[in-house]
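What Swiss-Prot says about this protein:
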- Asn517: N-linked glycosylation site (CARBOHYD)
- 16-36: transmembrane segment (TRANSMEM)
- 47-67: transmembrane segment (TRANSMEM)
- 73-93: transmembrane segment (TRANSMEM)
- 135-155: transmembrane segment (TRANSMEM)
- 156-176: transmembrane segment (TRANSMEM)
- 184-204: transmembrane segment (TRANSMEM)
- 252-272: transmembrane segment (TRANSMEM)
- 281-301: transmembrane segment (TRANSMEM)
- 346-365: transmembrane segment (TRANSMEM)
Amino acid sequence: MSGQEKSDKSVDMWSFLRCLGYLSSFNLLVAVCLGMYVRWEQTSEPMILVLFILGLFVSAIACILYYYFSMESASLSLFHLWFGFLQGLLCFLNSPSLEDEIKEQVTNYLLLSSVSIRTLWALTERLCANPKYKPVVITSSELLELLGFGVASISLVFDKSLAMIALTFALTALIIDLRMKSPLALPNLACFSVIAAVTFFQSLKIQTNPFALSCYLGRLICEPLLDVYFSSLTATERWKQFLSAGRLWRRFSLFPLALVELLFFVVCAFKLGNLKDWYLVIPGFCIFGLLWILCHMVFLVTLWCFHTKLSECQKMWAAQRLQTLNLDRIMASRGMRHFCLISERLVLFCLMSTIILGAVSWQVANGLFMSVFLVVLPLESLAHGLFHELGNGLGGTCVGYAVVIPTCYSSADGQPVLLPPGQVQELHSTSTLNAVQRLFSHHLIQTFGCDYSTSLSLETLLVKLRSFLELCTAEGPRHDTYILYYSGHTLPSGDWTLAGGDYLRMKQILDMWREQNSSFSSRLILVLDTENSAPWVKAVRKVEGMYVAVQGAKLSPVQDAEGQDAPRLGDFTSEWVKYNCDPESGVQWSERGRVISAIYGVSKPWSDYALHLPTGSDVAKHWKTHFPKTTYPLVAVANWCCGLNLLWLCSVCLRCVRRLKLSWFPPSILDTGQGIKLVRS
């Protein structure tokens, strides 16, 4: 297909989508006008006629602003605000006498066709037009239609109007929950639909128009619901507006949240007025109410601590922004993933306590209780979704240690010998050390140290390695990844040559790693820029019970000695760092005839590796650091939930498949998930 044909096809698709959008809005306009006319005809209420004429007048103004003054935003704002208001009136101004009216039936069919065409338009756009998703919490059109519907509910008596306004807030929170792709968004949608359809309007004793209500809800929900599947935004992109907001704004947002939670507890307490089953109601409310209070103390403290850690990440992001570091990489380096994994469980307990208290205090005749309950559920599931996304999407913590031995070469007996000063610069070891430091800095890897010395003895190196391998994060757990870099001369077996004729074997490193990592699941990555790294690459493939990888290099002899320089130690590091720090560097490891080729090997269980999940001791330590002692009894419940693994059989099968795939078909590029890729030529 030629470029012109593709362009014509895209124009045709865009025209078709615009026609669908206009047709849906036109059907809604006709339905609203006809519905308002029928209600005025039945009741002869002058206010309905005034609102109907005013609606036509506002629609005309919106069209004039759109077509004659090119004020699209103002025109669409008027349209959505007014039509949200009129749809609300269609819902509430309903009576049994309208059911047999032909015009009312036509109105209902137009409303159904409007929501159906709207859904078809949204689905077609996502399937065929490849829309560009923007990181918005809620669109202006959705917000204006919700505002208009809330204003229309003022036509009811005060208590019913209050419940309807609260239900509008619940719908707003539900739309945000869906757009953020919270794991509990779909259960919340089902809960909202069931409660609203079965009990809420019955408790208010108002007869609504189900077609108008379905049209209103369907038009608002269809796009966020489809985006749960179609949206390609990452977690940090979806939450961008919140994560990049200022510290004061984020902390201030806790106060309305706390007020909503307090309002929920108050309306739950209305249940105590039912003295019919007092022997069940009073003890149940006291027990589960106390549990709810403890859990929500934890909830608010967790959010406060999260804002504190996020503010630290934002400060670091602002300082490093010229280096093109994204916020999620900074959050990963600051241990935000571990904090979010623990917080996810704590917020889940809070959500469960809310559901239990709501069930114990259920009030069939209280519409305000139901609407506030429907507000609280998506708000708490939003917090759970945020911690879930960050806990599963952020990378783990990483620490690195580099050893560069610059001014020596190995004699036949393995004894390091100093080079003349004239040849020291030829080894360009200083640039090698700078490249490693650039790698650590670019990927926010905590630097344990960079040893640059010719007199490094085996005893000194073993002490430093032991200290490096037992290093932990500031929060207490071990780092997820440990990177050990070595550039220098080796024996033919790959062992490192050190001062005094000593050498360091791979077995010594693995023994120390096994000793330090016996009760944990961290991984060790060895990066070797040596002449003889192949023996270690082969040896690591036989290692069991540990997550170890070796990235090595092969230095091939030059075919044309006059036209090409011989490869030197440090050349591989320069290319490998450039490849891992600059995606557009153009380094191609698969090209033929390379004098510097890459090889890597991983231990047998490498594919089983998963980032560290908080243990019971981690949860307990987190609790003692951030929460009051009155909440300690909930630690036992947290530890019990940590041990649950309901899908263990599926995980075993997937583990076997991943192991076979990695051993039989190792990829040419293996992403470690830390921003660093292992490569082979």
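Glycine is no exception: its Cβ is also placed from the backbone N, Cα and C atoms.
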Listed in sequence order, the residues of the same chain lying six or more positions from the residue listed as 'N-linked glycosylation site' whose CB sits under 8 Å from its CB are Leu469, Arg478, Leu524, Met546
The transmembrane segment (346-365) and the transmembrane segment (252-272): do they have three or more Cβ pairs under 8 Å, with pairs 6 or more apart in sequence?
-> yes
Look up the residue listed as 'N-linked glycosylation site' in the DSSP assignment and reduce it to helix, strand or coil.
-> coil
Grab the same-chain neighbours of the transmembrane segment (281-301) for me: Cβ-Cβ under 8 Å, and only residues 6 or more beyond its ends, written as numbers and ranges.
-> 254, 257-258, 261, 265, 268-269, 271-272, 274, 346-347, 349-350, 353-354, 356-357, 360-361, 380, 383, 626-628, 630-631, 633-634
Chain residues outside the transmembrane segment (73-93) and at least six past its termini with a C-beta under 8 angstroms from it | 25, 28-29, 32, 35-36, 39, 48, 51, 55, 58-59, 61-63, 65-66, 107, 140-141, 144-153, 155-156, 206, 208-209, 212-213, 215-216
